[in-house]
Amino acid sequence: MAPKKEEKEDKTTGAARFGRVRNSLKMGIVGLPNVGKSSLFNLLTEQNIAAENYPFCTIDPNESRCAVPDERYDWLCDMWKPPSMYPAYLQVTDIAGLVRGAAEGAGLGNAFLSHISAVDGIFHVVRAFDSEEVIHVDDSVDPIRDLETIQMELCKKDLEFVEKAEEKEIRDVKKSQNMKISLVFTSTFEKVKAMLKENKPVRCGEFNSKEVELIREKLDNLITTKPVVYLVNLSAADFMRKKNKWLAKIHAWIQEHGGGVLIPFSVEWEGKLWSLRDDPDGKKAFLAESAGAVSSLPKMVVQGFKELNLIYFFTAGETEVRCWTIQRGTLAPQAAGVIHSDFERGFIKAEVVAYADFRALATSKSMMEVKAAGKYRQEGKSYVVEDGDIIHFQFNVTAPAKK
């Protein structure tokens with residue numbers, strides 16, 4: 001008998017490995033109270049929710065969306081100048097501040113943790129600025145302590161969920177004589193529990209494809225499987241000079257705890273810039289005095305979109321330029337279905353040009369030069385749509401959809 005093949009380790013990470021597979025995913029803004037979460041949410045989404053200086057100012061999560069900045073989309077809009085222009089959007093949720101003991105119900109604990117479970121990725125906001133006007137829930141500024149607090153609470157909550165799921169599986173098996181606990185279930189749950197007891201997020205673990213499949217099936221509400229982008233809130237002065245005593249320590253902590261993207265920003269600086277949005281001269285003067293500093297908000301939005309494993313393709317013409325959001329790896333018929341279910345049901349082919357080719361070749365609102373260069377392709381049902389593809393779908397529906 002041939003030896004049994006070893007199960008390969010699943011090399012995919014983040015939302016692509018454990019996340020929900022759908023086109024409308026959310027990033028949640030998470031952190032301790034008074035670190036700048038709601039102020040950041042206001043800036044990202046151009047809203048004006050309460051952002052007062054006391055714990056639990058936000059109770060129910062605020063949800064909104066922000067356009068994903070993209071030079072490609074801007075160029076297509078400038079080329080076609082259509083009456084309708086629709087960018088890609090990142091869905092963002094502002095979640096109230098967690099405190100130590102949240103997993104046991106401290107503060108507004110369990111409700112907040114359930115709000116985090118409902119999102120698909122996390123913007124973890126960390127405070128690295130001193131201010132007598134903005135109180136800290138622990139009375140002193142220590143980002144490393146704060147990072148440990150949040151991670152500990154999320155791991156505790158996940159461990160509670162894992163233990164309950166394990167108990168349920170055992171009860172269900174005992175009810176049936178034909179069922180038994182699989183070795184994969186036992187080994188996977190033990191591995192997950194061991195990580196969480198050491199305050200290590202599950203997303204950092206090495207799992208083979210069967211283990212990933214089991215986690216997705218049995219532990220779909222875990223918080224620590226979600227991708228994280230770390231946002232470090234600095235004073236305006238530190239942001240402009242690109243220096244802060246905590247940044248190197250925060251970076252080291254992130255690398256020691258599974259890695260992730262770190263983006264320094266300043267609510268104070270971004271707020272001043274935003275306040276000058278209707279004053280071009282004032283904005284120009286402010287930026288001139290900012291030592292080359294530029295807004296971090298676009299980078300946050302783009303990175304959040306990327307962490308959720310989302311991409312988009314374009315449709316472009318006289319009437320509309322639009323971004324259509326899909327999961328990375330989506331096939332052409334399913335991408336067509338994002339526009340309309342009939343497009344998927346009656347899919348014939350996708351006429352495709354990569355944005356880079358169109359940008360390099362087109363001098364007018366036409367595909368003639370692209371076609372002449374052999375860059376206008378016809379793709380079938382097995383084509384995997386790439387980020388930035390410009391697509392025209394051919395379809396034919398002759399019968400009503402099956403109910």
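Quick reminder: no glycine exception, Cβ is built from N, Cα and C everywhere.
The shown structure was predicted, so the numbers you read here are calculated from the model rather than taken from an experiment.
According to TrEMBL, the feature domain 'OBG-type G' maps to 25-309. According to TrEMBL, the feature ATP binding site maps to Asn34, Val35, Gly36, Lys37, Ser38, Ser39, Leu234. The annotation domain 'TGS' is assigned in TrEMBL to 309-395.
Non-local contacts of Leu234 (ATP binding site) by the CB criterion (under 8 A, 6+ apart in sequence, same chain) comprise Ala128, Phe129, Asn244, Pro264, Phe265, Ser266.
Neighbour count (other Cβ atoms within 10 Å of the Cβ, all protein chains): 29 for Val35 (ATP binding site). Neighbour counts were taken at the CB atom with a 10 A radius for the binding-site residues Asn34, Ser38, Ser39; the maximum falls on Ser38.
Each residue in the domain 'OBG-type G' (25-309) has a pLDDT score, and their mean in this model is 87.
Counting only residues at least six positions away in the same chain, the Cβ atoms of Val125, Arg127, Asn233, Val267 sit under 8 Å from the Cβ of Gly36 (ATP binding site). Cβ neighbour count for Lys37 (ATP binding site) (all protein chains, 10 Å cutoff from its Cβ): 29. Secondary structure of the domain 'TGS' (309-395) per DSSP, as helix, strand and coil residue counts: 25 helix, 35 strand, 27 coil.
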